[in-house]
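In TrEMBL this protein carries:
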- 22-358: domain 'Major facilitator superfamily (MFS) profile' (DOMAIN)
- 20-43: transmembrane segment (TRANSMEM)
- 55-76: transmembrane segment (TRANSMEM)
- 88-106: transmembrane segment (TRANSMEM)
- 112-134: transmembrane segment (TRANSMEM)
- 146-171: transmembrane segment (TRANSMEM)
- 177-195: transmembrane segment (TRANSMEM)
- 250-270: transmembrane segment (TRANSMEM)
- 282-306: transmembrane segment (TRANSMEM)
- 318-336: transmembrane segment (TRANSMEM)
Amino acid sequence: MNRQSAAAVIDAARFNRTHWLILGWGCFIMLFDGYDMVIYGSVVPRLMQEWQLSPVQAGTLGSCALFGMLFGGTLLAPLADRFGRRRLVIATTLLASLAAFLTGHARDPLELGAGRFFTGLALGALVPSAINLISEFAPAGRRSTLVTVMSAFYSVGAVLSALLAIAMIPAWGWQSVFYVAVLPVLAVPLMLRWLPESAAFLELKGRRAELDALLRKVDPDYRPGAERANAVAAEAPSGRVAQLFEGRQAVGTLLLWVAFAMCMLMSYGLNTWLPKLMAGGGYALGSSLAFLVTLNVGATLGALFGGWLADRLGAGRTLVLFFALAAASLAALGLGPGPGCSTACWWWPAPPPSAPWR
């Protein structure tokens, strides 16, 4: 008789401290990601002034991290299926911390661009692995909520980057905020001790003893009976990208890709250029960065509300609602409102990168 699958055990489990631990790691990683990705937008006004950069040059440097994420997501993230999500999360945390240190040491645009590229390379593999871990360990009825709570910490990290920039750049220069992004390396020893491996990976690799120990933590009532002794690695799902375009799935796949691309365009575009746009409109550096804080506080609240709503209305309806709010807010800003209206509109800029896409 085949054993009960790990996914079935996890879906039926009651939420306990193991879930809290995994959620905590996910929130930490997303906070780290949000800080690292938005930090460039916080420093770009000062950087353009000190290095006499044109908007084209500043935009190119801002794109380096995004190109890194592209390669990290396509080339490094799949390595999780070979080496495990835990190892990849730890390795990319180390790489991102090293890249942040090198970025803070940059003496010219080329060095800064290289540092940002390697930051994006690491985060492009780190974030999908963390999201998949949370999604995998979340009980079925809470999956959207937990994934969105975790992902909301992207915006918390973005808020932190703007607040620290307001306090630190005038006193210690733009380099100082990049050095803060090195601090997650201190969590690596804790990850080695407390970050669990993916249950699906352990199941696929036939590491039965480790899997049973992990499932007992997820569900204290779990008992791996003798009839479950034979691993069934063949149950592990496999698929091809081409399957996403078979039959009626093709239209849905394309629409989802376009929606996600537009979300990323709004999120990364605003987080990169908002402080500079506000500075160009006559605001001081601190006030310009305050708009970035407002943007990401709104995104945090939107992410939390969106996850709750998705578990009740479904992800599709929730995304349509949030994109409609985003379109209305950006259209209102395009009409040239005053500062008060601008502040209000930034609260609904876009579905957050953490929107419940599942």
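Every residue gets a Cβ built from N, Cα and C, even glycine.
Any TrEMBL annotation is an automated prediction that lacks curation.
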- Task: Considering only the recorded stretches 55-76, 88-106, 112-134, state which has the highest number of Cβ pairs under 8 Å to the transmembrane segment (177-195).
- Result: 88-106
- Message: Using Cβ atoms and a strict cutoff of less than 8 Å, what residues sit near the transmembrane segment (88-106) while being 6 or more residues removed from its termini?
- Response: 29, 32, 36, 72, 76-77, 79-80, 112, 114-116, 118-119, 121-123, 125-126, 129-130, 133, 175-176, 178-179, 181-185, 187-188, 191-192, 195
- Query: Residues of the same chain, at least six outside the transmembrane segment (146-171), with any C-beta under 8 angstroms of its C-beta?
  - Reply: 19, 23, 26-28, 30-39, 42-43, 46, 130-131, 134-135, 138, 177, 180, 271, 275, 285-286, 289-290, 292-293, 295-297, 299-300, 303-304, 306-308, 310, 352-356, 358
